[in-house]
Amino acid sequence: MHHVNKYFNQTMVIEALKMSFYKLNPKQLIKNPIMFVVEVGMILTLILICFPDIFGTSYLSRSYLITIFIILLITILFANFSEAFAEGRGKAQADSLRQAQSNLTARLIEENGAYRIVNATELKAGQNIRVENGETIPADGVVINGLATVDESAITGESAPVIKESGGDFDGVIGGTLVTSDWLEIRVESEAGTSFLDKMIALVEGAERNKTPNEIALFTLLTTLTIIFLVVIVTLYPIASYLHLILPIAMLIALTVCLIPTTIGGLLSAIGIAGMDRVTQFNVLAKSGRAVEVCGDVDVMILDKTGTITYGNRIASEFLPVNQQMWEKLIVAAYMSSIYDDTPEGKSIVRLAKQMYINELPKDIDGTYKPFTAETRMSGIITNEISVFKGAPNSMINLVKQQQGDIPLNIESICMDVSSKGGTPLIVIENNVMLGVIYLKDVIKDGLVERFAELRKMGIETVMCTGDNALTAATIAKEAGVDRFVAECKPEDKIKVIKDEQAKGHIVAMTGDGTNDAPALAQANIGLAMNSGTISAKEAANLIDLDSNPTKLIEVVKIGKQLLMTRGALTTFSLANDVAKYFAILPALMMSTIPEMTLLNIMHLSSPKSAIISALIFNALIIVALIPIAMKGVKVKGYSIDRIFINNMLIYGLGGLIVPFLGIKLIDMIVQFFV
């Protein structure tokens, strides 16, 4: 999806211009009350052009009325363009995704093993298909046989192919991706219209986006201000009549448009849509605008150690026996406990055992494999002769104690030594006898210390949850720079951590990818699920990361904060604009009748007519000038919340007061020659 990342694309601009005219339809524009008021004013001006004296005698020429009409039309078109352009970027992404699933066929595996070519839309969940090198995977599914590299760039934008194989963490495939080597047999998991790609298209094509609570609140405020200014203008007419000041209806219409918050009113929808779009640029799909907005309020982040803070695939680096006599037995037992373990850790133990053991290791072991679970925290194999297990120190010590076994005196010191280095110790037992420890090495991701420091400045606390013991957790937490950690944390413990933080009034975000993460993802205010994760995790979350990079949560939270700050900054600018325009225009209109108003005419505008035209032109131009900021967002990197607030008040608050005075004066210096 990265190929639609440019902010300005000729095709999108043309489409946005077309949509700008379509959105002139009052049925469309009434969704934005502020711009609807502008359109009503434009229609009234058009009536005045056709019937100049319909509301009473006016000294304004038809050409002047036409000028007002054109400027009002352009103002609405600029506002429509900002929204249409933001929507167009999402639709362009949807089109690129739709290309990935067009005209696909599938090689269906019949019950007798024969193949039959069918249309991808005919596939049913539970059917098996075969996809070979150079073919596109026709549906979402799970690899049941084979190993191949798959190009997922059509979905994720990542050019490097990924390896897919049965079992383990990399057996899920997405329809629309391309097999670039070998072959795969896949069990179909979704049917036409319900695939992950279909859901992605529906998400990024959300033109009918529901407004978020903050947007609704702000829109209510802006609508209220619009009504107040309308009341001010309506009362201004009889006051002007009492003072024998002639204020034509067209001028009152223009004054209304200048004073109501048209700037933020024209950009508000674009800011929200662009916020979702910026999340999509990071290959994260937001199920709603509310999800992105809530990210901006997050002040506690729950982070898994494995895959988020460390690279995830812990590698067996050393076997540490309780004594030298146990050396060979430890290697063989570690190998046997891992031979059917499809996890990256299990495979690394098998590789290390083969490298270090001189004699031949058994290839086929007839026994019952016991996989690792979050409850037991151990895995191994039971045969007729022996039982071999590896697992977390506490679990293994408790198991040996329950079976009246002996605990070697040095086993805890070996585990503590591994933990103090930031590694993960796994104790190996054979027939209830402890043989030693496997040292799994964890590597912390680059640049996290700086990123966590940046989050701290923004008022966000980071909490690392890990199944490791307290010593290992403390070492990694200190090295990575997280604020707090929760050691020996099970999936159900994550929910407790989240609820405890929420009870304190915090807004909590977390990442997850497994079925056991689904309850916590649903409980958290923001849940970011991995694309490589289970369906239940993706359904529970409100954000999905296509790159399956848990660290992405940090970027998403920043974008959420940027969205809120952009909306706040442009609202501040718009309201400051209104105040400035009020004091810029009103004295110019009233000073001929009320000489004291001359003192307030600090801009020395040439005439009431040029003042109105200049203000209208400025009002229209400022909308288009702010579109890039609405699309890209204000800068928030590296600053504390207080610093960002001060910067925004200086730039957008003070700037919103000064810019209209300068802009209107410059335009007036040109307009006075034509009015």
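Placement of Cβ uses the backbone N, Cα and C atoms for every residue, glycine included.
Swiss-Prot names ASP341, GLU345, PHE372, THR373, ALA374, GLU375, THR376, ARG377, MET378, SER379 as ATP ligands; from the candidate set LYS329, LYS390, LYS401, the record adds LYS390 to that same site. Looking at the residues that bind ATP per the record, ASP341, GLU345, PHE372, THR373, ALA374, GLU375, THR376, ARG377, MET378, SER379, LYS390, the two CA atoms farthest apart are separated by 18 Å.
For ALA374 (ATP binding site), the nearest of the recorded positions ASP304, ASP513, ASP517 in terms of C-alpha separation is ASP517.
Taking every recorded stretch in 216-236, 245-265, 569-591, 611-631 and counting its Cβ pairs under 8 Å to the transmembrane segment (644-664), the highest total belongs to 569-591. Ranking the binding-site residues ASP341, ASP513, ASP517 by how many other Cβ atoms lie within 10 angstroms of each Cβ puts ASP341 at the bottom. When Cα-Cα distances from ASP513 (Mg(2+) binding site) are compared across the recorded positions ASP304, ASP341, PHE372, MET378, LYS390, the shortest belongs to ASP304. When secondary structure is read from DSSP and collapsed to three states, ALA374 (ATP binding site) falls in the coil class. For MET378 (ATP binding site), the same-chain residues lying six or more positions away in sequence with a CB closer than 8 A to its CB are LYS370, PHE372, PHE389, LYS390, GLY391, ALA392, SER395, MET396, LEU399.
Residues 32-35, 37-38, 41, 44-45, 48, 55-56, 58-60, 64-65, 68, 72, 75, 79, 218, 222, 225-226, 229-230, 232-233, 236-237, 570-571, 573-575, 577-578, 581-582, 585-586, 589-590, 592-594, 608, 612-613, 615-616, 619, 622-623, 626 of the same chain, all 6+ positions outside the transmembrane segment (245-265), place their C-beta atoms under 8 angstroms from a C-beta of that stretch.
Stretch with the largest number of CB pairs closer than 8 A to the transmembrane segment (611-631), among 34-54, 65-85, 216-236: 65-85.
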